[in-house]
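What TrEMBL annotates here:
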DOMAIN    21-148  domain 'MgtC/SapB/SrpB/YhiD N-terminal'
TRANSMEM  12-31  transmembrane segment
TRANSMEM  43-64  transmembrane segment
TRANSMEM  76-94  transmembrane segment
TRANSMEM  129-149  transmembrane segment
Amino acid sequence: MLYFLDTLRGLSIVSIFFRFLLATACGAVIGYERGKRKHAAGLRTHIVVCIGAASVMMLSQFLSVYSDSSTDPSRLGAQVISGIGFLGAGSIIITGHHRGQHIKGLTTAAGLWASACMGLVVGSGFYEAAVIMCAFLFAVIATLNHLDAKYLKDSTVMRFYIEYTTETPFSTILATLREYEWHLSNLEYTGGNNAPINGAIIDVQRSGRDSDRNALLSALRVTNGILFVEDA
């Protein structure tokens, strides 16, 4: 098996085809998971990044072998690692109102960077490491997402940003918290985006064992006078 891989570490037509095929497969594994979760950088983006990185590494290898000048094979690869930042930045978004802003897309950005690294590994002919890396990346991105969700569900504290009309007494919000077995631990008024709207960042703690954060947020969103609610 290893002898077969050794024959593919050169720059023959078969080796080049195999490297692009493996880069496509590895990029697809990570991209499929991101695309399934409706992220902008999904299947095609990860495949293209991985193939592009593999091609750069093969070019570096080609130049180091066949060029008359002394070429450092790592220079082009290093440019890929630093240049992938524009895609990572494009996948990170900031959502929210006022001071309730939070960041999304960091995992996708990290996945794109890792896909570029994976492509470099494939392009260099280090196939064993590429396959193992792909397996670890998929396990971390796909599996640990469920652990994150479970952690949030089991968390005893929560912070959210809320906007409500000035005519709505804050006791209405407190009543909803008590109904769903949460109690207020900290309150910070921020002001709403418009004059007749109050805004606040609220920290709450779970007082009941069966308290559900999603049920609380859903209840607040349908409460009269409350205009906007989101995790902060």
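The backbone N, Cα and C atoms fix where each Cβ goes, glycine too.
In TrEMBL, annotation is done automatically, which means it is predicted and not curated.
Within the model, the domain 'MgtC/SapB/SrpB/YhiD N-terminal' (21-148) carries an average pLDDT of 75. Sequence-distant neighbours of the transmembrane segment (12-31) (same chain, 6+ residues past either end, Cβ-Cβ under 8 Å): 41-51, 53-55, 58, 111, 114-115, 118-119, 122-123, 125, 127, 130-131, 133-134, 137-138, 141.
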